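K.L.:
Below: one structure in structure tokens.
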Amino acid sequence: MPPAPNRSAGRTATRPIRWPDPDELAARAHVVTLPLRVRFRGVAEREVLLLDGPAGWAEFSPFLEYDDAEASAWLRCAVEAGWDGFPAPIRSSVPVNATVPAVTAADVERVLASFDAAHTVKIKVAERGQTLRDDVARVAEVRRLLPDAALRIDANAGWTHDEALAALEAIGPLGLQYAEQPVAGIHGLRELREEVRRRGWGIPIAADESVRKESDPLAVARAGAADLIVIKAPPLGGIRRALRIVAEAGLPAVVSSALDSSVGTRAGAALAAALPELPYACGLGTVSLFEADVCRNRYEARGGQLDLRPVAPDPELLERHRAGRERRDWWLARLRRCGELLVKDA
Ligand SMILES: O=C(O)CCC(=O)C1=CC=C[C@@H](O)[C@@H]1C(=O)O
Ligand SMILES: [Mg+2]
């Protein structure tokens, strides 16, 4: 058995992970296709590989376009969850936000109706093919429906510096908790943040892609490029690694989902529950964007809070949403390649 790839998982590490061999991974894998209620990240359904691990269920669902190097961090996270389990929580529930994809203003009410309570709402903006007018209309509609909610926007690096300034000037008066990755790159974030401060707009800047897609997730903090960071356990290689990154970054952190099923969302909640400070609602409400899930008792927030109950898929739902043979083979091949990459790098 090769050594575990991470023997220094931070303050919550207790023991090395027993690294499963490729045959064991494949034998424990279930591939499902889950339809979404509303398109998100340009997709109408989400393919997910679940692992029935000895320590619990785990999710490996890197987005389809990710290469093996990027996807292998997601497998590392899944093996941590399925073979090592979650670190000890320090809270029994976590606050979550509702998430509004880049829908028309007319569709906002229907999307919000999927969430049990929305004290905080994240709204997608800067969608390709749309205009600033669409963004303003969408955010204004959320504000009209929820006058007291905290609102945040996420541009997924879709604006240039000047576009971001124009957008923040237009949307800012509606009241923003923060703006997530308005522009691309660490340098771009820092320049924008400085200009937003110079203009006295008081809109904090959050980094997402500049944390999860950079080779050095701490570079944002060192560069003073953001007021807070968005963290997702899968791209950061697991919960314990994410905890360590937050500790070293020294910035407030918002835990977010990677558009996971209930199984992966439970791992996100475990990360949020183990963080020493949790100043913001977490982007872990996304199970509500799914038309179907693998659990009967879907892992959704009640009253804006997710409790830390155990989550396990229902065999009948796993069967009902089982991916076709071709997609299953594709995922199993990806699982094997990523597993081999991790063992090689260990
Ligand atoms: O943070 C949320 O409210 C929900 C999660 C979310 O927005 C995302 C999940 C998965 C992929 C990302 O494109 C997206 C994000 O950019 O934060
Ligand atoms: Mg984001």
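From the backbone N, Cα and C atoms, a Cβ is placed for every residue, glycine too.
Owing to the predicted nature of the structure, the values given are computational and were not obtained by experimental measurement.
The domain 'Mandelate racemase/muconate lactonizing enzyme C-terminal' annotation in TrEMBL covers 101-199. Residues or ranges marked as active site, proton donor in TrEMBL: K124. What TrEMBL records for D154, E180, D208 is Mg(2+) binding site. Annotation comment: TrEMBL describes K232 as active site, proton acceptor.
Any idea what these are sitting next to in the structure?
P.N.:
Residues within less than 8 Å, Cβ to Cβ, of K124 (active site, proton donor) and separated from it by at least 6 positions along the same chain comprise F40, T99, V100, P101, A102, I153, D154, N156. DSSP assigns K124 (active site, proton donor) to a strand in the three-state reduction.
Here E180 (Mg(2+) binding site) comes close to K122, R152, I153, D154, A155, A206, A207, D208, V230: these same-chain residues lie at least six apart in sequence, with C-beta atoms under 8 angstroms from its C-beta.
In the three-state DSSP scheme, K232 (active site, proton acceptor) is classed as coil.
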K.L.:
Within 8 Å of the Cβ centroid of the Mg(2+) site residues D154, E180, D208, which other residues of the same chain have their Cβ?
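P.N.:
For the Mg(2+) site the neighbour list reads K122, R152, I153, A155, N156, A179, Q181, A206, E209, V230, S256.
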K.L.:
Looking at Cβ-Cβ distances, which residues of the chain lie under 8 angstroms from K232 (active site, proton acceptor) while being 6 or more apart from it?
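P.N.:
Correct list: R212, A242, V255, S256, S257, A258, G268.
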K.L.:
Near ligand 2, which of the recorded positions show up if the criterion is a Cβ under 6 Å from one of its atoms? Options: K124, D154, E180, K232.
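P.N.:
Checking each Cβ against ligand 2, the ones under 6 Å are D154, E180.
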K.L.:
Judged by the number of other CB atoms within 10 angstroms, which among D154, D208 is the least packed of the binding-site residues?
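P.N.:
It is D208 that, of the binding-site residues D154, D208, has the fewest other Cβ atoms within 10 Å.
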